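A.B. asks: Pasting the relevant annotations from TrEMBL:
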| type | residues | note |
| --- | --- | --- |
| BINDING | Asp13, Trp14, Glu16, Asn18, Glu27 | Ca(2+) binding site |
| TRANSMEM | 33-50 | transmembrane segment |
| TRANSMEM | 62-84 | transmembrane segment |
| BINDING | His77, His205, His209 | Zn(2+) binding site |
| TRANSMEM | 90-107 | transmembrane segment |
| TRANSMEM | 119-136 | transmembrane segment |
| TRANSMEM | 142-157 | transmembrane segment |
| TRANSMEM | 169-187 | transmembrane segment |
| TRANSMEM | 207-228 | transmembrane segment |
Amino acid sequence: MPSIFSYQSAEVDWCENNFVRSAVIAEYYNTDGTSLFSFLLLTPLSFLVLEEFSQLQVNHGTFVLLLLAGVFSMYFHMTLSYVGQLLDELSILWTLAVAYSFWYPQAYFPKCIKTRRHFFWLTGITTVISTLMSFVKPTLNAYALNCIAFHLLYLTWRELKKCNDKRVHRMAAVMVMWWVLAITSWISDRWLCWLWQAINFPYFHSFWHVLIAMSLLYCCPLVIYFDVTYEMPSFKPKLEYWPSDSWPVVVPYVTLEEPHKQC
């Protein structure tokens, strides 16, 4: 019986051919270029431009877990090991749990939840149960994690109905565009592998890494914008782009106008 740390002991194998470009890296493009770019570069960049917000309300855990998700993704695609698969999937689950715990609007809490502390407990218990269930049928984990995106899109739609800021609507539209491209690439790699293998282009999962990271690049400031609106109503959040609105490739971030001092 192979070790859970052994190469190719995972229940999932993506469409890219294994060990073609390296004797030690199973899926070269899924490991090196895409994960490095998508999580290990874009996540610190997002954190830097959001530093103004983090000085007011610190939640570094989400960004740390995003970095870990990038590291574990690289390890998984390098080895295709069972442990790598679980670390890759569970790091995403834990990142979502931390993000929900801190940023989920209190207006949408279940009626039985009265405080943020109670919501922390609910999120923690749900995460523990989900973590244990992840070991039951690991091949279903990725599908379950992707389904969470539909809840996030629903919440975004609810918030946009109450917001008249055109910049917010524009950022949400760009976020959804990147997500649609990302999930299309993921499904294509999973379900149409025979086609991409036939034309010798089995790289759509590597596209998924880059595209979902681009979606998160827009999602994080959007979530923070709504969080400031709920949690710090005396501040006026504004969405900006670094280095400039006119650049074709930008990093969105949130700026805060100081509250007016009363005499």
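Note that Cβ sites are derived from N, Cα and C of the backbone, with glycine treated the same way.
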A.B. asks: Out of His77, His205, His209, which of the binding-site residues has the smallest number of neighbouring Cβ atoms within 10 Å?
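C.D. replies: Among the binding-site residues His77, His205, His209, the lowest count of other Cβ atoms within 10 Å belongs to His205.
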A.B. asks: Cβ distance under 8 Å to Asp13 (Ca(2+) binding site), same chain, sequence separation 6 or more: which residues?
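C.D. replies: Within the chain, Asp13 (Ca(2+) binding site) has Cβ neighbours under 8 Å at Leu80.
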A.B. asks: Any idea what the Cα distance is from His205 (Zn(2+) binding site) over to Glu16 (Ca(2+) binding site), rounded to a whole Å?
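C.D. replies: Cα-Cα, rounded: 8 Å.
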A.B. asks: With Cβ distances under 8 Å as the criterion, find the stretch in 90-107, 119-136, 169-187 that has the most pairs with the transmembrane segment (142-157).
C.D. replies: 169-187
A.B. asks: How big is the gap, in Å, between the Cα of His209 (Zn(2+) binding site) and that of Glu16 (Ca(2+) binding site), rounded to a whole number?
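C.D. replies: So the Cα of Glu16 (Ca(2+) binding site) lies 13 Å away from that of His209 (Zn(2+) binding site).
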A.B. asks: State the residues, same chain only, that lie 6 or more residues beyond the ends of the transmembrane segment (169-187) and have a CB under 8 A from a CB inside it; answer 'none' if no residue qualifies.
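C.D. replies: Residues 146, 149, 153, 156, 160, 163, 204-205, 207-208, 211-212, 214-215, 217-219, 221-222, 239, 252 contact the transmembrane segment (169-187) from elsewhere in the chain.
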A.B. asks: Round to the nearest Å and give the CA-to-CA distance linking His77 (Zn(2+) binding site) with Glu27 (Ca(2+) binding site).
C.D. replies: 5
A.B. asks: Using a Cβ-Cβ cut-off under 8 angstroms and a sequence gap of six or more, which residues of the chain neighbour Glu27 (Ca(2+) binding site)?
C.D. replies: Trp14, Glu16, Asn18, His77, Met78, Leu80, His205
A.B. asks: Let me check the 10 A CB neighbour count of Glu16 (Ca(2+) binding site). How many other CB atoms are there?
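C.D. replies: Excluding its own Cβ, Glu16 (Ca(2+) binding site) sees 24 Cβ atoms within 10 Å.
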A.B. asks: Name the residue among the binding-site residues Trp14, Asn18 whose Cβ has the smallest number of other Cβ atoms within 10 Å.
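C.D. replies: Comparing Cβ neighbours within 10 Å for the binding-site residues Trp14, Asn18, Asn18 has the fewest.
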A.B. asks: Taking the mean position of the Cβ atoms of Asp13, Trp14, Glu16, Asn18, Glu27 as the Ca(2+) site, which residues outside that list, in the same chain, have a Cβ no more than 8 Å away, listed in sequence order?
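C.D. replies: Everything else in range on the chain: Cys15, Asn17, Ala26, Asn30, His77, Leu80, Pro202, His205.
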